[in-house]
Structure formats: structure tokens, C-alpha cells
Amino acid sequence: MKILRTLLLAFISLPILAQADLTPPELSAPAYILQDFYSGKVLMKQNADQRFEPASLTKLMTAYLVFKKLKAGKIKLTDEVLISEKAWRMIGSKMYIEVGKRVPVELLIKGMVIQSGNDASVALAEFVAGTEDAFAALMNQEAQRLGLTNSHFTNSTGLP
């Protein structure tokens, strides 16, 4: 009987708890948005419409386009990519690939995704589109196609 009473009390309290105004946690992120998947209701947000440098999120679009080319059969994981001086000179996180070296697409993908290698990102961009600028144009076309209307890419790395 005691268990039944406890369960009944807990069941009756659920609607009250569900309507309670919960204080969002303090986050160090400069911008975020949390949205309920089913209702679309925004649960909490901060600077959700403000533009920020995308940083390594740019590498996700770079990887996405590389994987699209792989799926379409335009490139293969075993294709060897010649490392340009531009890729070699990249600052920030990198794989430290020597200029003039040939590296398989598969290793460059791993270096870009796991190590956040800027040199790998540039090398893949140049391999896929000829130049990093041409690749950035492809990134922007794909962003528009995906409905990312507030996104604009200028390079494959996300560096300013």
C-alpha cells in the first residue's frame, strides 16, 4: 500500500514539475540554441542569430563535400594528393605534411577530422576543386542547397 501511495503521489506531481520554469545552466559557449526535436520549441538560446567565425565546424563541411565526391566515385580513398606549399604553410593544428609529398585521401581525411589538420583540409580542398577558393564556392553552394542561409565559407579550414 505504501508503494502504491508513493507512485500515485509521484504521478500526480509530474504535470507540476513539467510546467516548472527551470533555470538554464551557465555555459561558457558564446552562442547556442537548444530546440525540442518534436515540437520545434526553442528551450533555451544565447546569441543564436549572431554570426561567429565557424572555426573547425568548417571542416565538417569540407569533410561532407569530400565524402560526397567519394560516394559519387569522383575520387577514391587511395588517390594520392600532392601537398602544395599553401597547404604546407598552414598555421594552427596540422599534420605537418611536407610540401611535395603525396598523401592518400584516406590519411588526409583522418588528419583533418581527428587532428583538425588545416594542412589536410587545404590539400583536400585543392584536390577536389583545383583551388581552395573554388572549393569555398562549392561549400557555399552546398550550404545554400542544405538551407544554411546564414552560412558563408571563405576557406576549407575555418581560420579567419
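Cβ coordinates are placed from backbone N, Cα and C, and glycine is handled just like the others.
The annotation signal peptide is assigned in TrEMBL to 1-20.
Marked as domain 'Peptidase S11 D-alanyl-D-alanine carboxypeptidase A N-terminal' by TrEMBL: 23-159.
According to TrEMBL, the active site, acyl-ester intermediate annotation covers Ser56. Other C-beta atoms found within 10 angstroms of the C-beta of Ser56 (active site, acyl-ester intermediate) number 17, with every protein chain shown included.
Residues or ranges marked as active site, proton acceptor in TrEMBL: Lys59. In the three-state DSSP classification, Lys59 (active site, proton acceptor) falls within a helix. Long-range C-beta contacts of Lys59 (active site, proton acceptor), restricted to its own chain and to partners at least six residues apart, with a cutoff below 8 Å, comprise Met112, Val113, Ser116, Ser121, Ser156, Thr157, Gly158.
Summarising the annotation, TrEMBL assigns active site to Ser116. DSSP gives Ser116 (active site) a coil state; it is part of no helix or strand.
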Secondary structure composition of the domain 'Peptidase S11 D-alanyl-D-alanine carboxypeptidase A N-terminal' (23-159) [DSSP: H/G/I, E/B, coil]
55 helix, 15 strand, 67 coil
